[in-house]
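Comments concern the structure below.
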C-alpha cells in the first residue's frame, strides 16, 4: 500500500477550518444577541477566515494532484499543477495570518484607555502587517519568471533557498512574538477596570488564548526548516501545510472565545435562578404541610406536658411515687415526692 500524507492533510485542514467557523459564528451570535456593536475587528476576522478557506481548498485540491505522496510517484504534469496551487494557497495563508492577528489587535484597541496603550497596539498592528504582507508578496519575486517557482524544469532563476527559508522563519518568529505580546496585553488593559477579581481573571484568561497561536507559529517555523532540507518535499511538507493552517485557525478561535462568556454567564444565571426557585418551592411546600397538619388537643387524650422531654421525666417521677405507695411501708422507698434535683436542667 502506498505511503501518503494526503488524508492527514485533508482531515486536519477540514476540521480546523470547520471548528474555527463554528466559534466565529458563535462570537457573532453572542454580539447580536446581547446588543454588542459589530466593528472592524469582526469584519477582519471574517476576511481572515475566508482567506483560510481559500488556503485550505487550494491545498486539498493540490493533494488530489499528488501533494502528500512521494515525489517519484507523482506524474510531472500533476506535480506542476500541485505546486502552483500550493504557491497561491501559501500566499492566502500568510495574508490570513496578518488579518486574523489584526482583528484581535483592533479588539484590544476598543479596551485601550491611555495613549501609550494605543500607541503600543498600533505599533504592533502596523509592524505585523508590514512584515506579513512583505513575506506574502515576496513569494512572487523569488523566481524570474514567477512560473519557475512551481515549474522546476522551466527556464529562469530563483533566489537561494536559504533566503526563502530565512524570510519564512523570520516572519514566523515575529508573528509568534506579537502573539505573546497581544496575549499578555489584556492583563494591562483589564486589571484596572471596576470588576471583581474572579471576573477579571476569567476575562484575562479568555483573552490570552492567543498564546497558543504563538506556539503554533514556533512549531510552524520549525517545520519550514525541515521541509527545506527534505529531498522529498511533496511528502514531507504535510506538517508545514497543517501547522500553517493551524496558526490562523487558532488565532480565529482565540479571538472568538472571549465573547462566548456572554452566553456562558446567561446560562449560569438561569441555572442559579432555577436552583433558587426549586429551593423556594420546596420550602413553601414544607411550610404549607406543617401548617395544615391538625394539632391534637387535650380532649383527644393529648398531654402537651408528656410531649416534651420534661413531661416524660415528670411522668417517670409520678410513676415512681405510685409504685412506692403500692409497695407499702416495708419498703425503703419514700412516699413523699422525689426531689426534682434528680433531673437537673430539665424543669
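Placement of Cβ uses the backbone N, Cα and C atoms for every residue, glycine included.
A quick note: this is a predicted structure, and the numbers were derived from the prediction, not measured.
The annotation transmembrane segment is assigned in TrEMBL to 6-26 (among others). Taking Cβ pairs closer than 8 Å, the transmembrane segment (6-26) reaches residues 45-46, 49, 52-53, 56, 59-60, 63, 67-69, 238, 241-242, 245-246, 248-249, 252-253, 256-257, 259-260, 263 in its own chain, all 6 or more past its ends.
Mean pLDDT, taken over the domain 'Rhodopsin' (26-264), works out to 91 on the 0 to 100 scale. Residues annotated as domain 'Rhodopsin' in TrEMBL: 26-264.
What TrEMBL lists as transmembrane segment is 47-67 (among others).
Taking Cβ pairs closer than 8 Å, the transmembrane segment (87-112) reaches residues 39-42, 44-45, 47-49, 51-52, 54-59, 62, 118, 121-122, 124-125, 128-129, 132-133, 135-137, 139-140, 149-150, 171, 175, 178-179, 182, 185-186, 189-190, 210, 213, 244-245, 247-248, 251-252, 254-255 in its own chain, all 6 or more past its ends. What TrEMBL records for 87-112 (among others) is transmembrane segment.
Under the heading transmembrane segment, TrEMBL lists 119-141 (among others). When Cβ-Cβ distances below 8 Å are used as the criterion, the transmembrane segment (119-141) is approached by residues 87, 90-91, 94-95, 97-98, 101-102, 105-106, 108-109, 112, 149, 167-168, 170-171, 174-175, 178, 181-182, 185 of the same chain, each at least six residues removed from its ends.
With a cut-off of 8 Å between Cβ atoms, the residues of this chain six or more beyond the transmembrane segment (171-191) that come close are 94, 97, 101, 104-105, 108, 111-113, 117, 120-121, 124, 127-128, 131-132, 134-135, 200, 203-204, 207-211, 213-215, 217-218, 220-221, 224, 247, 251. Look at TrEMBL and you will find 171-191 (among others) tagged as transmembrane segment.
What TrEMBL records for 203-224 (among others) is transmembrane segment.
Positions annotated as region 'Disordered' by TrEMBL: 271-311.
For 295-311, the entry in TrEMBL reads compositional bias 'Basic and acidic residues'.
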